[in-house]
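Participant: First, the structure itself, so that you have it in front of you.
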Amino acid sequence: MAGGAVLNAGGGKDYPGKLTMFVLLACIVAATGGLIFGYDIGISGGVTSMNPFLQKFFPSVYHKEQEAEKNQSNQYCKFDSQLLTMFTSSLYLAALVASFFAATVTRVAGRKWSMFGGGVTFLVGAALTGAAPNVLTLIFGRVLLGVGVGFANQSVPVYLSEMAPARLRGMLNIGFQLMITVGILAANLINYGTAKIRGGWGWRVSLSLAAVPAAIIAVGALFLPDTPNSLIDRGHTAHAKRMLRRVRGTDDVEEEYNDLVAASDESKTVAHPWRNILQRKYRPQLVMAVAIPAFQQLTGINVIMFYAPVLFKTLGFADDASLMSAVITGLVNVFATFVSVFTVDRLGRRKLFLQGGAQMLACQVVVGALIGAKFGFTGVAEIPKLYAAVVVFFICAYVAGFAWSWGPLGWLVPSEIFPLEIRSAGQSINVSVNMLCTFIIAQAFLPMLCKFKFILFFFFGAWVVVMTVFIALFLPETKNVPIEEMVLVWKAHWYWGRFIRDEDVHVGADVEMPAAKLANI
Ligand code: BGC
């Protein structure tokens, strides 16, 4: 064995190698897959608050809004239209279904082809929605956008986690979330500009510009190398070894290579990833693949992301000021994500989850109380400027808390906890649960706001309590642990350990994991 691995402080092994330019560039290009998802999240809310768009596709919503404005009627119920929310959320249903197909492409053809497919489909969707003559084309275009998102979100996080050296995996993986936030911000800024276009076709510009991030990831994917894990799994062992040397920037890759081969051999014994994922020994990963994305959405973040302009309008801001406030939350979202980029591999995932959860909860309680105190249950009030500014401040602090915890970790943690044999399937479950919950919240938010009023903020706050306790009890720390060795972390966990028999633990390594070290993870 040349050189070889040593145990690091986190309890995982450090393979030889450094962060090479090659890996960094590959990860930056792959992470741009997050742009399409982000652009879409950011564009929908703004477009659905543009009057010409509403007049053309959703005239009944438009009239209701005009009426409400004239009559000063209940602010909470102004924008409640199932058809309008269907526009926003059709994409998430499509992404949900698509991610299952993406699992096969990602496993059989390699991660990059899922990214490429996602980019191209999104491109067609952008053209269709931008040029849509009627509501049917519009929704069909949205479905194609959703398919693109499903493929990208299924493949990009896995790609990043496989490419990255273990001790920088968090940082490189969070590139994906960073691109999501950049996409959201870009969309917010574009909406701000296009809303001012006099001819009433600004929304077409907003929707068509989705083609830009789509082209970036589609073209970028063509140049991406495959991950060594995927190459080995598909039988290209010699190529895989060359690639591993290249990505790690050293010839001393024997140990890691052997571990990857062992993981792949193990995965070959599994004929049906979908059935296998239900086995008892995978229970911890399965629970996380469902719970983490569901909780991520139950933070209520997309209420802000989709409906920030609408929400700010509800608070009595003028059109322009509403879009501007959405830009402000978008900026906070991007910059706060950097906090996790630089701390996730040092502080670890758990600390960020717990701190972010506490911050979000505090802000939700304050925002709920402030809105409740002004609007009460009738929803009719004039809000003074300063008061509204304080609300916006707490909304920003809430977004920041999300941006360094559940935002990035909601994609990072599921992508790093699965053994190879169920990784693609597991990631599809993660994406589809995320999309399902996004869909439900997008669809339910406006009716819920209308019914529960400011209590809604407390509703999401209660979920944040639940998820924070869940993390504290059930999520082991995964920082610095090589991805093919993760089973050791589960085996050492006070609760999950009982699901994994001793004979289920093979990591193809010749290093014993001392119990004392594992106890510290
Ligand atoms: C979530 C999205 C959310 C975004 C906000 C992502 O991690 O999956 O639903 O809109 O973060 O930045």
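Backbone N, Cα and C define each Cβ position, glycine as well.
Automatic prediction, not curation, is the source of TrEMBL annotations.
Got these off TrEMBL a minute ago, pasting:
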| type | residues | note |
| --- | --- | --- |
| DOMAIN | 26-479 | domain 'Major facilitator superfamily (MFS) profile' |
| TRANSMEM | 21-39 | transmembrane segment |
| TRANSMEM | 83-103 | transmembrane segment |
| TRANSMEM | 115-133 | transmembrane segment |
| TRANSMEM | 172-190 | transmembrane segment |
| TRANSMEM | 202-224 | transmembrane segment |
| TRANSMEM | 286-310 | transmembrane segment |
| TRANSMEM | 322-344 | transmembrane segment |
| TRANSMEM | 356-380 | transmembrane segment |
| TRANSMEM | 386-407 | transmembrane segment |
| TRANSMEM | 454-475 | transmembrane segment |
Participant: State the residues, same chain only, that lie 6 or more residues beyond the ends of the transmembrane segment (286-310) and have a CB under 8 A from a CB inside it; answer 'none' if no residue qualifies.
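Facilitator: Tertiary neighbours of the transmembrane segment (286-310) are 41-42, 44-46, 48-49, 79, 88, 184, 188, 191, 277-278, 322-323, 325-326, 329, 360, 364, 395, 398-399, 402, 406-407, 409-410, 413-414, 417-418, 426-427, 429-431, 433-434, 437-438, 440-442, 445-446, 456-457, 459-460, 463-464, 466-467, 470, 474-475.
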Participant: Same chain, outside the transmembrane segment (21-39) by at least 6, Cβ under 8 Å from its Cβ: which residues?
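Facilitator: Contacts with the transmembrane segment (21-39): 115, 118-119, 122, 145, 148-149, 152-153, 155-156, 159-160, 163-165, 172, 175-187, 209-210, 213-214, 216-217, 220-221, 223-225, 246-249.
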Participant: What else in the chain is close to the transmembrane segment (172-190), if you only count residues 6 or more beyond its ends and a Cβ gap under 8 Å?
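Facilitator: Hits for the transmembrane segment (172-190): 23-24, 27-28, 30-43, 46, 156-157, 160-161, 163-164, 205-206, 209, 213, 305, 308, 323, 326-327, 330-331, 333-334, 337-338, 340-341, 344, 403, 407-408, 411-412, 415-416.
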Participant: Considering only Cβ pairs within less than 8 angstroms, which of the stretches 202-224, 322-344, 454-475 has the most against the transmembrane segment (356-380)?
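Facilitator: The stretch I would name here is 454-475.
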Participant: Could you pull out which residues elsewhere in the chain have a CB under 8 Å from any CB of the transmembrane segment (322-344), counting only those six or more residues past its ends?
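Facilitator: Contacts with the transmembrane segment (322-344): 42, 45-46, 49, 170-171, 174-175, 177-178, 181-182, 184-185, 188-189, 191-192, 195, 304, 308-310, 312-313, 352, 392, 395-396, 399-405, 407-409, 412, 479.
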Participant: Same-chain Cβ contacts of the transmembrane segment (115-133) under 8 Å, 6 or more residues past its ends?
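Facilitator: Residues packing against the transmembrane segment (115-133) from afar: 30, 33, 36, 57, 102, 105, 140-152, 155-156, 159, 204-205, 207-211, 213-222, 224.
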Participant: Taking all residues of the domain 'Major facilitator superfamily (MFS) profile' (26-479) together, what is their mean pLDDT?
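Facilitator: It averages 89.
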Participant: Please indicate, using numbers and ranges, the residues of the same chain that are 6 or more beyond the transmembrane segment (454-475) and have a C-beta under 8 Å from a C-beta there.
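Facilitator: Cβ under 8 Å, 6 or more out: 287-288, 291, 295, 298-300, 303, 349-350, 353-354, 357-358, 360-361, 364-365, 367-369, 371-372, 375, 406, 413, 445, 448, 493, 495-496.
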